[in-house]
Amino acid sequence: GDCGCSGASSCTCASGQCTCSGCGK
């Protein structure tokens, strides 16, 4: 479950949209 975020603590993908919390992009 990676949404293009490096070191993301939480990634949620729904309806083609990805939300990452704690993302260390």
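Glycine too: its Cβ is placed from the backbone N, Cα and C atoms.
Small disclaimer: the values here were computed from a predicted structure and weren't measured.
If you look up Swiss-Prot, you'll see CYS3, CYS23 marked as Cu(+) 1 binding site. The Cu(+) 2 binding site annotation in Swiss-Prot covers CYS5, CYS23. Residues or ranges marked as Cu(+) 3 binding site in Swiss-Prot: CYS5, CYS20. According to Swiss-Prot, the feature Cu(+) 4 binding site maps to CYS11, CYS20, an assignment based on similarity to another entry. Residues or ranges marked as Cu(+) 5 binding site by Swiss-Prot: CYS11, CYS18. The Cu(+) 6 binding site annotation in Swiss-Prot covers CYS13, CYS18.
Across the fold, the C-alpha of CYS20 (Cu(+) 3 binding site) and the C-alpha of CYS13 (Cu(+) 6 binding site) stand 9 Å from each other.
When each of the binding-site residues CYS11, CYS13, CYS18, CYS20 is scored by how many other Cβ atoms sit within 10 Å of its Cβ, CYS13 comes out lowest. For the pair CYS11 (Cu(+) 4 binding site) and CYS18 (Cu(+) 5 binding site), the Cα-Cα distance reads 7 Å.
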